[in-house]
Amino acid sequence: MHVRAPWSLPEPTLAYFPNARFVPSDRDLGAGALRLVGEDCPAPTRGGVAVADGPTEPGFNDFHHVPVLAQRCVELLRPALTRHHADGSEAVLVDATIGAGGHAERFLTELPGLRLIGLDRDPSALEIVRTRLARFADRVTLVHTRYDGLASALTELGYGAAQSIDGALFDLGVSSMQLDQAERGFAYSKDAPLDMRMNPQSALSAADIINTYDEAALADILHRYGEERFARRIAARIIRRRADKPFTTTAELVALLYEAIPAAARRTGGHPAKRTFQALRIAVNDELGSLRSAIPAAMDALAVGGRIVVMAYQSLEDRIVKRVFADAVASRTPMDLPVELPGHGPRFRSLTHGAERADAAEVERNPRSAPVRLRALERLELEALPRQGTGKGES
């Protein structure tokens, strides 16, 4: 999910979020809006999932959005979405990270019969996308949930959690809209409350972690999620500093990080706060845990012939996607058998050779695409098929 602002972020922020880039757009985002059920009247909270659908009054900050690898996403997902009808009728696409709706707009425009379900944990993002997609209101349902709430959302909407959709799209990474809102506390280049919650309604903030976790837990978070080699040193400094006064702002934490990280490392390793801020953001929002649950849930929800596309922007996310996809395309039939045992063959086939990267033309058009790693799969029938190149009887 990526949102563009009409002005550039300071370079230190770009060092921390290399996928946050800004490209002029001539798109008219429209004046209508989809209505979030529960905004101005009580709504059922079945399983904690709030459903958004229907018209409402516009309320929109003028953020713009250039979707990453949009054409490639369309190429990969179109065969699954047009299996029933060429215009996408009877097909359902789940955009699990709808953000500002750039990818969703592209699919809804090109496939005028397509039904789209958009998920996002950030109420601000849903405010933006409901305006952008207003002209498609009869074909769009927005759901306020993390992407690991996909199965629950589908169930509550009447689709079911198994083999009920034709496509799933995940555009991982940080929204530059969130970065630009200083009060959210994501950008270390701006002094703001030490928050970092993608969903402001969530209980845990970065300040809670910094001020209450013990030294070992802090070091583990910084090392595991930020791959910070000075994790123990930073954690020890945090414990000493907070004994005098709790941390409340990003500037206070940045100042400590400048002191904790050796000068030589500061000169060569980019901004000293980038790894710590990444680690805290991931921990606050349980980004990796959510992803580990969300990808298998999306794959289970795909009907036979359905497809999933995932775009990751940093190695921790991509490793998770790579492992889940590798397991899905592997056969569970013993290698010495000449045929696949029923129910033991690969459940999916890969549509990409490893991870695809943006080409030079795409990066030139949209610099935010530079770090992207795209992977895609298609769901298969589980049948007994001849083994290729292995097993008994091989000559």
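Note that the numbers count up from 1, one per residue, in the order the chain is shown.
The backbone N, Cα and C atoms fix where each Cβ goes, glycine too.
For GLY101, GLY102, HIS103, ASP120, TYR147, ASP171, GLN178, the entry in Swiss-Prot reads S-adenosyl-L-methionine binding site, with the evidence type sequence analysis.
Shown on the structure are the features that Swiss-Prot records.
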{"residue": "GLY101", "record": "S-adenosyl-L-methionine binding site", "CB count, 10 Å": "30"}
{"residue": "GLY102", "record": "S-adenosyl-L-methionine binding site", "CB count, 10 Å": "24"}
{"residue": "HIS103", "record": "S-adenosyl-L-methionine binding site", "CB count, 10 Å": "29"}
{"residue": "ASP120", "record": "S-adenosyl-L-methionine binding site", "CB count, 10 Å": "28"}
{"residue": "TYR147", "record": "S-adenosyl-L-methionine binding site", "CB count, 10 Å": "27"}
{"residue": "ASP171", "record": "S-adenosyl-L-methionine binding site", "CB count, 10 Å": "27"}
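DSSP assigns TYR147 (S-adenosyl-L-methionine binding site) to a helix in the three-state reduction.
In the three-state DSSP scheme, GLY102 (S-adenosyl-L-methionine binding site) falls into the helix class.
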